[in-house]
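As recorded in TrEMBL, the features of this protein are as follows:
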type: DOMAIN; residues: 7-115; note: domain 'HPt'
type: DOMAIN; residues: 144-261; note: domain 'Response regulatory'
type: DOMAIN; residues: 270-386; note: domain 'Response regulatory'
type: DOMAIN; residues: 426-558; note: domain 'GGDEF'
type: MOD_RES; residues: H54; note: phosphohistidine
type: MOD_RES; residues: D193; note: 4-aspartylphosphate
type: MOD_RES; residues: D319; note: 4-aspartylphosphate
Amino acid sequence: MARLASARAKIAALRQRFLEQLPERLEQIQALSHQLDMAAPDAALLRELHRLVHNIKGTGRSFGFSALGDLAGEFEDLLTTVLDPEINPPPPDWPVLLERFVQSLVLSISKLCTPTLDGIVPRPQIPELYQSPQMFSAEKETCLVYLCEDDALLLQQLSAQLACFGYQIQTFLSTEALRQAVRERWPDVVLMDIEFPESRCAGTETLQAIRQETGKTPPAVFMSSHDDIQSRLNAVLAGGEAYFHKPVNVMDLVRVMDELSNRSQPEPYRVLIIDDEPDVATYHAILLQEAGMLTAQLSNPAKLRYMLEAFRPDIVLMDIYMPGCNGRDLAKLIRQLPDYVGLPIVYLSSETDRKKLFSAMQVGVEGFLCKPVVPEELIAAVSIRADRMRILRSRMVRDSLTGLLNHTAITQFLENVLANAERQHTELCFVMIDIDHFKQVNDTYGHPMGDQVLLALSRLMQQRLRGSDIVGRYGGEEFAVILSGVSMVEAWKVVDELRRNFGLFKFKTPQGTFSSTFSAGIASCTRHATLTDLREAADRVLYRAKRNGRNQVLVEDVET
Ligand SMILES: Nc1nc2c(ncn2[C@@H]2O[C@H](COP(=O)(O)OP(=O)(O)OP(=O)(O)O)[C@@H](O)[C@H]2O)c(=O)[nH]1
C-alpha cells in the first residue's frame, strides 16, 4: 500500500508540474501564432504550433484536465486543416478562429492556474490507480499436481521429470481415481490426458463433471495426441488453461504450470516509453511500474539504438508526434534493424484521425492506445504483447529440454560480458561442466532417465546460482556457466557446492535408485582475454578433472 501511495504522490507532483508549465507553453503558442503570416503561413511554424497544441491535448487529458484537453483538441483539428488543406480545407475565416482558440486557451489556462478563493487549485478527474495483483500474491510452498494419464509408461516418465522441478505429483491411471482424489483434496493443478479407454473426450468430460459437482474447476492443463480444433475447443470449454499436443515438451509444461501455480516469478516486463513530453512518459511509467514492470524513457530519438541495446525492451510504447521526427518514422526505423523486426510497438497518442492512424500503423506497428488511457487497458495491452515477445524470444535462445540458454545464446552472452569485463576491469570466470559417465546412465536406465538427470542439474543450477550468473546447455551433457565479478577461488566454492548438492540427488528407477556426479573446469578472463582462449582453457581444465577421476571441480591455477 505504501508503494501505491507513493505512486499517487508522484502522479500528483507530475500534474502539478504540468500546471506550472502551462503559462510557458501558452507563451510559446502565442509567440508562434503572432509570427504566423496568415496569408502564407510557414509550414515549419505551423507544424511546431500543431505539436505544442497537440501536446497540451494529450498531456492535459492524461492528467485529467479534460476541458483543457478538449479545447486543445478542437484547436488541433483546425491546425490540421491548415497544414493539410488538400485532405480537408480549412474554413475561410481560419485566422480569426485560430486567434479565438488562442484566447480561449489563455482563459482556460489562467482559470486552471489561479488558485480558488480557498487557495486550492481545482482537482482534476484522475484515473484510479491499478493495484497490481503481484504486489499481494504470496508464493506457494509446494504445488500439488494431479497427473492423470492412462499410458502407464508416460505417466511414470512425466511424473519423474516433473518431480525434478519440485512439484508434488500424484499419479492416476483412470479418470475415476482422479475424481475421487479431487473430492478428498483439492489440487493446485490438474494435468491430464484427454482420451481414455471409456471415451475419446473423457479428460475434458471429467473436468466438466468436477465443475458440476463442486461448482469450480482446478487449473487444468490438457495433453492429447489429437491436434484438431474440436479437441482444443472442448478443452477450452472444459476450463483448460493450456493444451499440449503429444509428445509434450517438459519445459513448456513446466513454464505453464509455474504460471498456474504462482510459483514462477517471471522477470518483470521491460517497457521503453518514447515521448517528447517527459512528464507524460513518467506518468505512464508510474502506472506500469505499479503493475511490476520495468520502464525506461526516451525523449531524444537520437539515442534510440543505444537504448534498445542497453535496456532490451520487450515492448516499445511511443507517441506519434515528436520534434524532428514522428512515431511512424521511428517505428519504421526500428523495423529496419534486424534484431528488432519482431519487437512489439504500440502507439500511445491522442491522435484520433483514423486516416493518420492507419498510415502510422502501416509500418508494422502492433496497436494503438488513445490518450488518456485507462490504466488497466494500458497494463493489459502491454502485458499481452510483452508476454508473447518473451515466449518467441525464449524459443530462439533457450534449449527445449532444460530451458537453459542454448549454445548460440551462451556464446553470444560470453562475448558481451567478456567485452564488458574488459572495459570495466572486472573479473569473470567461465565454467565448463560435464556429467560423468552419462552414456552409462542412458545405457543402463534409458534415455528418458538420462533426460531427467539433465533436467535435475539444470534446475539445481537455476535455483542455486545468482540471478546475474548466466547458465547454458553447451551441448549434450555439457553445461556452461558464466560467473561475473568473482575470482577463481570464489567461483570454485560456488561450483563445488553445486557438485556436492547434485551428488545428493537420488533418481528413482524400476531397477532401484542411483545418483550422478559431474566434473567441472574453471578459467578466468584475467588470463584469457579472447572468447576462444577462455573457452579452450576451461575445456582443458575440465578434461584434466575427468582424467583425475571425475566428480571434482578444478581451476586453472591448480591445473598448471
Ligand atoms: N538422455 C540424453 N542423453 C544425451 C543427450 N544429449 C547427449 N546425450 C548422451 O550423452 C552421452 C555422452 O557420452 P560421452 O560423451 O561418451 O561421455 P560420458 O559417458 O558422459 O563420459 P565422461 O564424460 O567421460 O564422464 C551420449 O551417450 C549421448 O547420447 C540428451 O539430450 N539426453
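For all residues, glycine too, the Cβ spot is worked out from N, Cα and C.
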Rounded to the nearest Å - Cα separation of D319 (4-aspartylphosphate) and H54 (phosphohistidine):
11
Fewest other CB within 10 angstroms, which one of the modified residues D193, D319?
D193
Please report the DSSP secondary structure of D319 (4-aspartylphosphate), reduced to three states.
coil
Separation of alpha carbons, D193 (4-aspartylphosphate) and the residue listed as 'phosphohistidine' (Å):
56
For the residue listed as 'phosphohistidine', the number of other Cβ atoms found within 10 Å of its own Cβ:
22
Check the domain 'GGDEF' (426-558) for me and report the mean pLDDT.
91
